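See structure below.
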């Protein structure tokens, strides 16, 4: 059995710690049987589980995702329409124009976006997300995105998502009319920790954009980065902040410290803490697409990535990210085949 092989190197505890007594049994009833996410206090207990119980946690999280999301894995590619030169000060991001990072501003043309969408579709992906490093779109960016979506949809059989910052109601309506079916705008971290990560705009402005997106009928995609110095209590708060959005998708990133940013010297999150977070987020969000995004290669490696895919994750970004290198697309597809996880677009094991 694959899951036994993957988790076999970690012993399963024979006794349970008093302060987390029966939290996984509670989750089995509340989440697995009833489809109800854990609350903040319960998520915190999961995040505090002893290392020896991580295999048990991930096995339960995998059962939850199979029951409430199905066995298929959603594959997505992302592309940057506008890279660098962002006026915001997100402390983790090398695309900010306020930091001395090696990233320089650049735009991709429509032909380049269409070609990238074609290559992404060939992998079996169902999602192609166009991203821009901006606080919010100006008219030039809106017009170019509308043109790009039309061009892609006319030539490529793939769903187009977008991530271009804080929106007005008029911009939300235009994206919906253009055919954008899912919109990504990450909350990034817990509301209480956000001022430690971003000071040039508010957590509430991000939340308001997501409210408008959902009310317009687009799918809501919002996640963030684990391991930016937040406490376990704030990590639990973040999971429940996201659950309140009723999102279609939550991308899980892990901090990959970027040169020149305020977080450049932060330590990489411990693998066991990353696995706890994956399991906990699945138990908080039982019916949501939970996607591996940036930082998994550094934080989890190959084995941890496999554990995550058998521990609650049911979607991946293939290829490179916005400013960091991912794994070659073929490696991820081979891994899904090894684990006998079917890709959604192909509807068959790879």
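Placed from the backbone N, Cα and C atoms, the Cβ positions cover glycine too.
Across the domain 'Radical SAM core' (71-296), mean pLDDT in this model comes to 90. Per Swiss-Prot, domain 'Radical SAM core' is recorded for 71-296, and the stated evidence type is sequence analysis.
Around residue 90 ([4Fe-4S] cluster binding site), a 10 Å sphere centred on its CB holds 23 further CB atoms from the protein chains shown. DSSP classifies residue 90 ([4Fe-4S] cluster binding site) as coil under the three-state reduction. According to Swiss-Prot, the feature [4Fe-4S] cluster binding site maps to 86, 90, 93, an assignment based on sequence analysis.
Per Swiss-Prot, [2Fe-2S] cluster binding site is recorded for 129, 221, 291, and the stated evidence type is sequence analysis. The Cβ of residue 221 ([2Fe-2S] cluster binding site) has 27 neighbouring Cβ atoms from other residues within 10 Å, across all protein chains displayed.
Cβ contacts within 10 Å of residue 86 ([4Fe-4S] cluster binding site), excluding its own Cβ and spanning all protein chains shown: 23. In sequence order, 76, 78, 127, 161, 163, 182, 184, 223, 249, 251, 289, 293, 315, 317 are the same-chain residues whose CB sits within 8 A of the CB centroid of 129, 221, 291, the residues recorded for [2Fe-2S] cluster being left out. Comparing residue 86 ([4Fe-4S] cluster binding site) with residue 129 ([2Fe-2S] cluster binding site), their Cα atoms are 18 Å apart once rounded. With the fewest other Cβ atoms inside 10 Å of its Cβ, the least crowded of the binding-site residues 93, 129 in this structure is 129.
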